[in-house]
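According to Swiss-Prot:
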type: SIGNAL; residues: 1-19; note: signal peptide
type: DISULFID; residues: 37-77; note: disulfide bond
type: DISULFID; residues: 73-129; note: disulfide bond
type: DISULFID; residues: 118-138; note: disulfide bond
């Protein structure tokens with residue numbers, strides 16, 4: 001079963017490297033619990049942000065707070081079902097392990113360092129949905145920057 005590291009996504013948190021290349025895909029759509037979380041939260045796929053929107057930061061300026069929260073709750077649901085989060089708390093070690101497994105990154109890799117930085121940046125946020133979306137957005141944005149810099153090298 002694939003896990004979301006924001007997907008991390010996003011976690012997702014998340015074959016993020018490959019998912020971020022397909023900017024039209026919805027965040028989290030490649031993971032096993034995607035449909036389950038949409039159903040449980042009464043969210044339609046049309047309400048979810050695309051990976052491109054999140055990577056570029058457009059999700060923060062083009063959408064209402066309720067849409068941001070809804071998207072975050074879907075991310076949190078998937079993270080929790082994959083055992084990466086309980087409520088608003090991350091299992092940081094499991095996130096790292098699953099991220100390394102999904103991406104093939106190694107400890108010390110810039111992608112793992114980006115995940116660590118994103119977890120650190122969001123660790124004190126109390127709202128589990130907001131925290132999840134911000135984490136996924138942070139990881140996706142970092143991966144996009146790293147992919148751009150490696151393509152330019």
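Placement of Cβ uses the backbone N, Cα and C atoms for every residue, glycine included.
Here the features listed in Swiss-Prot are painted onto the structure.
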residue	record	CB count, 10 Å
37	disulfide bond	22
73	disulfide bond	20
77	disulfide bond	24
118	disulfide bond	25
129	disulfide bond	20
138	disulfide bond	24
If you measure from the CA of residue 129 (disulfide bond) out to 10 Å, which disulfide-bonded residues from the list 37, 118, 138 are inside that radius?
none
I want to verify one value. Collapsing DSSP to three states, which class is residue 73 (disulfide bond)?
helix
Anything within 10 Å of residue 37 (disulfide bond)? Look among the disulfide-bonded residues 73, 118, 138, comparing CA atoms, and list what you find.
73
In three-state DSSP terms, the structure that residue 118 (disulfide bond) belongs to:
helix
Integer Å distance between the CA atoms belonging to residue 118 (disulfide bond) and residue 73 (disulfide bond)
18
Looking only at C-alpha atoms, tell me how far residue 118 (disulfide bond) is from residue 77 (disulfide bond), rounded to the nearest Å.
19
Cα-Cα distance linking residue 77 (disulfide bond) and residue 138 (disulfide bond), given in Å to the nearest integer:
18
DSSP state at residue 138 (disulfide bond), helix/strand/coil
helix
